[in-house]
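Record features (Swiss-Prot):
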SIGNAL    1-19  signal peptide
DOMAIN    20-117  domain 'Ig-like'
REGION    20-44  region 'Framework-1'
REGION    45-52  region 'Complementarity-determining-1'
Amino acid sequence: MEFGLSWVFLVAILKGVQCEVQLVESGGGVVRPGGSLRLSCAASGFTFDDYGMSWVRQAPGKGLEWVSGINWNGGSTGYADSVKGRFTISRDNAKNSLYLQMNSLRAEDTALYHCAR
C-alpha cells in the first residue's frame, strides 16, 4: 500500500512540473509586403538546451503548418519550402530563447506564429 501511494505522489509531482512549461512569443506586427519582422520565444519550466525547437503557424481558416526547426545547439536547421531563403531560425541557450527572422514577407505569410518544443 505504501508503494502505491508513493507512485501516485510521484505522478502528481511530474504532472505539476509539466504544467509549468511556458513558451511566450513576442515580436509580431503589421508590415507591408517585402518587410521584415523578428519573432522571439521565451521558454521556461524545462531545460531549454535539451530540446530541439520549432516554429509553426496557422493562417486564417487553415491548419497548422510547420515553418522551421532547429536542433538543441543550433547546429542543424530546417525550413518549409515556402519560407526557405527568407526566414532564419536561431536560438540563444543562455537566454532560453528562440528566434525567427522573417524577411521579404508576403501576404501568404499572414498567420499566427507559435514556437513549439
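The first residue you see is number 1, and the count goes up from there.
Note that Cβ sites are derived from N, Cα and C of the backbone, with glycine treated the same way.
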Long-range CB partners for the region 'Framework-1' (20-44) (under 8 A, at least six residues beyond its ends), listed in sequence order, are 53, 55, 95-107, 113-117
What is the pLDDT of the region 'Framework-1' (20-44) when averaged and given as a whole number? 96
